[in-house]
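Summarising the annotation, TrEMBL assigns domain 'EF-hand' to B:26-61, B:110-145.
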Amino acid sequence: MEVVWALGQVGAVWVALVLGLIVVPSALGVSLGISEAYMWLLVKTLEWATIRLQKSAKKPQPPRIPTANGIIERDETPMEKEIALLHGADFEFSHIFYFCRKGFEAIVEDEVTQRFSSEELLSWNLLTRTNVNFHYISLKLTVVWVIGVVVRYCFLLPLRFSLAAIGITSMIVGTTVVGQLPNGSVKNYLSEVVHLTCSRILVRALSGTIHYHNKENRPQKGGICVANHTSPIDAIILTNDGCYAMVGQVHGGLMGIIQRATVKACPHVWFERSEIKDRHLVTKRLREHVADKSKLPILIFPEGTCINNTSVMMFKKGSFEIGGTIYPVAIKYDPQFGDAFWNSSKYNIVSYLLRIMTSWAIVCNVWYLPPMVRKEDEDAVQFANRVRSAIAHQGGLTELPWDGGLKRAKVKDTFKEEQQKNYSKMLVRNGSVGSLSAETESD
Amino acid sequence: MGSRASTLLRDEEIEEIKKETGFSHSQITRLYSRFTSLDKGENGTLSREDFQRIPELAINPLGDRIINAFFPEGEDQVNFRGFMRTLAHFRPIEDNEKSKDQNGPEPLNSRSNKLHFAFRLYDLDKDDKISRDELLQVLRMMVGVNISDEQLGSIADRTIQEADQDGDSAISFAEFVKQVLEKVDVEQKMSIRFLH
C-alpha cells in the first residue's frame, strides 16, 4: 500500500513538473531556457569527446573525409567525349574499357544507394548506433558514454514519451472539440491555436531545436509549401512555426485517429488509398483547395519518400501541375545530435520513434525561400527542377536527377536504352558504317 | 562498442586480403562497409540482384557482363574475398610495384591481368578466343536496338579483320592485346583511383 502511495506521489510530482516546466510554457510559446542550457551542455560534451578521440588515436589517422565527397576519383567526362577523343569513334575493342570502368566505379561507390542510408559522421557523437568505425579509446570516454546511456534511456526517454503522449492526446481532444464549432473565423483561429500548441509540445518531446530563417517568406494562404523530405517529423518541424493543410494517405491505427480528428477542425486533405492512384482526382482536389484563398497552404513533399538529408532527389511533377504559388522550404538536420532520417526499409515507425527519442536532440535549420511561380515557357518538370535547385542550394544539399522511388523499385529500362542510343549515335555518326561499304570490296 | 559490421572482419582477414589484392587497410575497411551495405540479405554474400540494385550499374549497357565477372563458374553468390579479388583488377598500378620481384605471383592488377579481364568480357564461352558471334553479342548489348543487324555485322567484320593476324577469323588474347595496346593506356583506363 505504502509503495503504491509513494509511487503515486512521485507520479504526481513528475506530471506537475512536466506540465509546469514544459507543457505550459510551450503552449504559450515561451521558453524557460532549460533546453538552451541542455544544448549548451551537450555541445560542450561532444566537443570534449571529439578532442579525446583525436588525441587518443593510436595510429595517425588520415583526416576523415566525409563520404559525400566520394572515396574514389570520378571522371565525369561524357561518354562521347571520352570514347571519341581517346579511343577513336570507330568501334574498337578498347571501347569496352569505358563501360567497364564506369561499372566498377558504380560498384565501389554510387550516388544513389548511399542516399538511402544514414549519413556517416565525422566524429563519434557518443551514441552506440553511430559507432561504426570508432573503437574503444579510453576509460573516460566510456564513462561519459555510460552516463549518456543512463541519461538518455532513464531520464530523457520517459520524459519525451510523456510529452509525446500529452501532445498527441491534446491534439486529438482539442481538434475534436474545435471541430464541433460551426465554421467561421472563430473556429479557424481556435484550430490554429490548437495545432500550434500541440506541435510545440511535440517538438519539445523530441528535444527539438529549430532555427527558422527568412520568416518573411513564410507560406501564405492559398499557396503550396514544398520541402525536402527526410523523416515523418518534418511535418511537425514545419507546423511548429505555422499552420498548414496536410496532404496524405489515410492510415489506420493511431495515425488514422489523429487524421480523423484533425480534419474536423481544419481542412486537411486526406486521400483514401484507392484515390491516391488516380492522379487526376488528386490534382483536382488539390487545385480546388488552392483556389480557395482562405484555406491554409498545403504542405507537400515532392520527393515522395524519405532521403537521408545529404541530397535532394527528383521532385515528382504532380505537385507542380496544380498551379498557384510555390513556397519552397529547405530543411537541414544536424546529424551530430541525432539522426532524423527514417530508413523505412530497415526500421518500422515504432523503432524509428524510439531511436529519435533516445538521441541527444533534433537540431535543424529551416529556410523559407522566396515564393516561385511557373513561368510561361516552363513545363512542370522544368519548374520542379528549378524549385529543387533552389532548395538544394539553400540547404547545402547535392542535387540528384534520380528518383527517390529507387529505394524500392528497379531503375527503368529507358535509362539503359538512352545510354545505348547515345553510344550508337556516336558509332554511326562518325561514319564507322559508311567507311565499311568502301572497304569491304571482297573479290 | 563496435558495430556488427566491423567486428565481422578480423585483422587477420584484412591482412590476407591486403596481401592478395594490394589494397590498403583503410581501403579494405571502406570496401567492406560498401559490401555490407549492398548485402541486403545480411548473409555475408552478394547475389546478382544485390548488384542490380545499384542504379548506375543497372543502366550500364554492359552491366550484366560486369556483374557476371564477380561470380565464379556456376555460382550465384560471391563473398567478400571474391568481391575484393575482382575489384583488385582495377587497382591502379603503383610505381613501386612496377619493378617488383619477378618470382612472386603476378599481382591481380598487373597490366596483363587487366587485359585478361577485359578479354573475358568479350569471350562469352571462355574458349580463349573472341569469335564473330561473341563480338556481335557484346556489340548488341552496347548499342541496343539502334543499329541494324547488317550494320552491326559490318562493324564486327571490320574489327576482326583489323586485329586478326593468323587468319582464323577469331581474336586470340595475343591479337587482342596487340590491338588494344596500340591505342590505349591500359593502366589508366582500367584503374580506379582512391582518394585516400
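Placed from the backbone N, Cα and C atoms, the Cβ positions cover glycine too.
Bear in mind that the values here come from a model prediction, so they are computed numbers and not experimental data.
Beyond the domain 'EF-hand' (B:110-145), the same-chain residues lying 6 or more positions past its ends with a Cβ under 8 Å from any Cβ of the stretch are 61-62, 64-66, 69, 89-90, 93, 152-153, 155-157, 159-160, 168-173, 176-177, 180, 186-187, 190-191. When the domain 'EF-hand' (B:110-145) is classified with DSSP, helix, strand and coil residues number 24 helix, 2 strand, 10 coil. For the domain 'EF-hand' (B:110-145), the model gives a mean pLDDT of 88. The helix, strand and coil residue counts that DSSP assigns across the domain 'EF-hand' (B:26-61) are 22 helix, 2 strand, 12 coil.
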